[in-house]
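Visitor: Before I ask anything, here is the structure I am working with.
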Amino acid sequence: MAIDKRKNDHIYLASSEISQVGSPWFDEVILLHNALPEIDLSEVDITTRFLGVKVNAPFGIGAMTGGTELAGKINAELAKIAEEFGIPIYVGSQRVALMKPEVRWTFEVVKKNAPSVPKVANLGAPQLAELSDEKLAEWVSQAVDMIDAYAIAIHLNAAQEVIQPEGEPRFRGVFEKIKVVRKAAGRPVIVKEVGNGISKEVASRLVEVADAIDVGGYGGTSFIAIEGARAAESGSSMRRRVAEVFKSWGIPTAASICEARSGYRGYIIASGGIRSGLDGAKALALGADFFTMSQPFLKAALEGRLREEIETVIAEVKIAMFLTGSRTIEDLKSAPRVYGPRLRNWIEQRKLVC
């Protein structure tokens, strides 16, 4: 199947309900209401730092797409809104542009339309292991230059690769290759999951190679479900059945934040099933330093209401902070909270600090 059709399939399926699976467990986190906050809403300050750079909000636009005409149009709109609001933006996997120079423009529009905000380049883990160190360094340089990236993300998508008809489930040697990426990039390296979460054990290993971890937890967009839908369309009954069995595989985002924070003292980005500013505020209270959203912004972009979506998330974060008496993001991180039985049991069994 042509890669451009696959990319467009991902766009439409990711924006649909068929891709939304499970719960990220933010309903297991209750931020305690402060009836006497002793601040005005106008005093709430949501500015923060993204890997050292000051940004206007504690969230950014997560990795989504690139490589087709539709993807290029979406990336242009996302970049414009990121620039307008002063928030970071990731791009989708750039492998397609490295192999097909004629589609580089679908990523370069991000550099053009968001010149001043932090931009995050993106390469997939399976491709790292198959490249020589020299070729990998070349790819990293090109990916960074393509969007004038401030940081580069390496996405871990083992679960997707085993279901995807064109999948490449090759992960031997990836850890050492991330070291090559870090040396070649000369800028922050983010290691991220894409919907199945990161455990304490993996987080502790990433101390050596990552400047940040993006947990990419379970409970939102499921690439297993997306690939299962594609398999059904192509007539692959076996892959469809396997996807159905494994679509609930993963670490819920709320639990994955606790897992990552327990194994890694560096910068943590929350993603996966964050559907509101309140979800994002809960992620920050759990220990994340920043959060990203993808599906809500993709859907809003396709429906022509992207600015409203960003404004709504900003309002929700501010209100959550006001109602917990948190003037700053740092205050929010220490806001009193109560955990539901599933998350509390997970924390206790896994001996997590959260």
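Keep in mind that glycine also has a Cβ here, set from the backbone N, Cα and C atoms.
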Visitor: Look at the FMN binding annotation in Swiss-Prot, where A63, M64, T65, S93, N122, K192, G273, I274, R275, S294, Q295 are given, and name the residue from T221, T328 listed for that site too.
Guide: T221
Visitor: Between I274 (FMN binding site) and E161 (Mg(2+) binding site), how many Å separate their Cα atoms?
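Guide: Cα-Cα, rounded: 23 Å.
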Visitor: Give me the Cα-Cα distance between A63 (FMN binding site) and Q160 (substrate binding site), rounded to a whole Å.
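Guide: Answer for this pair: 15 Å between alpha carbons.
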Visitor: Can you give me the Cα-Cα distance between S294 (FMN binding site) and S93 (substrate binding site) in Å, rounded to a whole number?
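Guide: Here the two Cα atoms lie 14 Å apart.
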Visitor: Which one is closest to R95 (substrate binding site) in space, judged by CA to CA distance, out of the binding-site residues T65, N122, E161, T221?
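Guide: Of all the candidates listed, N122 is nearest in space.
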Visitor: For E161 (Mg(2+) binding site), which of the binding-site residues T65, S93, Q94 has the nearest Cα in space?
Guide: S93
Visitor: Checking the spread of the FMN site as listed (A63, M64, T65, S93, N122, K192, T221, G273, I274, R275, S294, Q295): what is the longest Cα-Cα distance, in whole Å?
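Guide: Output for FMN binders A63, M64, T65, S93, N122, K192, T221, G273, I274, R275, S294, Q295: max Cα distance 22 Å.
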